[in-house]
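Over in Swiss-Prot, the protein carries these features:
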type	residues	note
MOD_RES	2	D-allo-isoleucine
MOD_RES	20	isoleucine amide
């Protein structure tokens, strides 16, 4: 259960960083 959640969080975080950067 934690694996998929971490994947979603990582994907969202990556998108945010790309937006800010």
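For all residues, glycine too, the Cβ spot is worked out from N, Cα and C.
These figures come from a predicted structure and were not determined experimentally.
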Expressed in Å to no decimal places, the gap between the Cα atoms of residue 2 (D-allo-isoleucine) and residue 20 (isoleucine amide) is 27
Within 10 A of the CB of residue 20 (isoleucine amide), the number of other CB atoms across every chain shown is 6
